[in-house]
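Record features, source Swiss-Prot:
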ACT_SITE  Cys82  active site, nucleophile
ACT_SITE  His177  active site
ACT_SITE  Glu179  active site
BINDING   Ser231, Gly232, Gly233, Val234, Asp235, Ser236, Ser237  ATP binding site
DOMAIN    4-203  domain 'Glutamine amidotransferase type-1'
DOMAIN    204-395  domain 'GMPS ATP-PPase'
Amino acid sequence: MHSKILILDFGSQVTQLIARRVRDSGVFSEVFPYDVSDEFVRNYGAAGVILSGGPNSVIEGDESPRVPQAVFELGVPVMGICYGMQAMAEQLGGKVENGKVREFGYAEVRAHGHTALLKDISDFTTPEGHGMLKVWMSHGDKVNEMPPGFKLMASTPNCPIAGMADEERRMYAFQFHPEVTHTVQGKAIIARFVHDICGCKSDWNMPDYIAEAVEKIRQQVGSDEVILGLSGGVDSSVAAALIHRAIGDQLTCVFVDHGLLRLDEGKMVMEMFAESLGVNVIHIDAVDQFMGHLAGVSDPEAKRKIIGREFVEVFQVEAGKRKNAKWLAQGTIYPDVIESAGKGKKGHTIKSHHNVGGLPETLNLQLLEPLRELFKDEVRKLGVALGLPHDMVYRHPFPGPGLGVRILGEVKKEFADLLRRADAIFIEELRKTPFVATPGASEATDNGIPHRNWYDATSQAFAVFLPVKSVGVMGDGRTYEYVVALRAVQTQDFMTAHWAHLPHELLGNVSNRIINEVRGINRVVYDISGKPPATIEWE
C-alpha cells in the first residue's frame, strides 16, 4: 500500500502543482475539494494533509470555506498554504486581518526558529546570519495572531507572520506558495514535509502506476468495448496505448478528420497506430459536418462546445455500430481539469477544455479518463514506459479542437489551409535549427539530456491565424493579406509558462518562408506573453 498525501483544494488555480511537487518526491497524492466530509478525511488513510490556497477570505465569516475539523484531529502532519494557512489559524484560535499592503509576486522571506521543516533550507544568508528564502507571494489577508501552541517560522517586512509551526502537533503553514517554481526551495520544502515530517517513502513510480491503472481499467470496463478519439497528440496517444495494454482489441480508436488537423496528420496517425502498434483505428472524414456547424461562429467558447459536441455525435454513431461499446475514452489530463474548474475544483473557470467542457448530458457512453490525474510530464514518462516511440511521446501537445482554437474568430476552410502550411514551416525550422542557449532559455530537458534543436527546447510551439489583413509590398505590387502569429513557450507542467527566447535569425527564417511560400499571408508576428497572464493557446 502506497503512502499518500491528501490535498484539500480551496480554489487556487495552482493547487494541482502541489500534487505535482509531492509526486516529484515519489509520493502519491490526490486533490479533493475542501468540503469533503469528516468521515471521508478519517477513512482516506492520509499520511499527511496539505491545505491549498484560494480566492476567498476567512474574514467573510460563515461564508468562507472551512477546513474539515477531522483534519486537525487525525494526528497526522498538516501543512497550510496561503488561504490554507489563514483557515488553519482562524479555526485553531488565531486571528486574521485584511493586510494594508498586499503581496503579489517575488518576495524574500526570513526563516525563524530552526523548525524541522525549514532546518538548513535557505537560498542565502544575510550578514546578520539570517537564513532567507526567495519565494512567491499572492495574498491580501494575513495572520496577525498565531493560534495557541504555534511559533513563528517565517516573516517578511510586510507580513510579520509569513510562516508558523506547531512542532508538537506537526502543523505547519506558509503565506507564500512553495508549490510554484518561482519559490526556489519550494520543491525541497515539500519533499521535507512528505518524507521527514510525514514519514512517507518514495514508493510511487511509473511502472507501479501502469500496473494499477491497467487493473483499474480492466475492473471499470469489464468485457465492454471502448472507443477513443485519437487526435495524434500526446495525450490521446498515451491514453490509447495504456487502454490497449489493459483490454487489447476491446479498444477501437476513432480518428476524426474535422478539417482542423496539422499537415499530413491523418497519414501519420494511421501509419503509427494501425500499422505499427496494431491498434484498431477507424478513419472518419467529417470535414463537411464540422465546418458546416462552425460557419458563422466566432465566440471561442461556442467553437469549443460545437467541436466537442460534434466529436461526441461522431463517436455515438460509431458506437451504435458496436453492440458492446459502452465507454468513451479521452486523454483528459490535470491541467485540462484545472482550467475548466471541473470536478473537484472550487476555482473560477478560465476556459472550457474540449475534453472536459464539451460533453452534453445526453451522452450515451460512460467516460473513461485514465490520464485525468497526471501532469503533462508524467504523461510523457508514462508513454515511454509503455514503449511508445520517443519522438511521438515528446511531440508538442495539440489541442482536441485542433486548429479551431488557433484560428481566431470564425473558422473557414481557407483559413485552416493557410494556417496548416504556416504551422508546418514553423515546426520544420525549429526542428532543423540546432539549439544554442540564449538568455532566458532552458539548456536541458527535465531528465538532464541536452536539447538537440529548438523544437526540443520548446514545450509547445505553433502558429495562430489572425483574421485581420495588413498592407504589404511584394515585388512592385501592393498586397493586402492575412497575419499569422507565432507562439512558443517553455514550461515543466503547463500550469505556468515562459515565452521561448528564440534566436532572431530563426524567427527571421520562419517569417521569410511563410510570407514567400504561403500565398495569402504577408505579415508574421511573435507572441512574447507568459502564462499567466495569458494562456498558452490564444482561445
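Placed from the backbone N, Cα and C atoms, the Cβ positions cover glycine too.
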Within the domain 'GMPS ATP-PPase' (204-395), what mean pLDDT does the predicted structure show? 83
Output, ordered by sequence, the same-chain residues six or more apart from Ser231 (ATP binding site) with a CB under 8 Å from its CB, or 'none'. Phe255, Leu261, Val269, Gly331, Phe398, Gly400, Gly402
Closest of the active-site residues to Val234 (ATP binding site), Cα to Cα, picking from Cys82, His177, Glu179? Glu179
Using only C-alpha positions, which one of Cys82, His177, Glu179 is spatially nearest Gly233 (ATP binding site)? These are the active-site residues in the record. Glu179
Of the recorded positions Cys82, Gly232, Asp235, Ser236, Ser237, which one has its Cα closest to the Cα of Glu179 (active site)? Cys82
How many Å separate the Cα atoms of Gly232 (ATP binding site) and His177 (active site)? 36
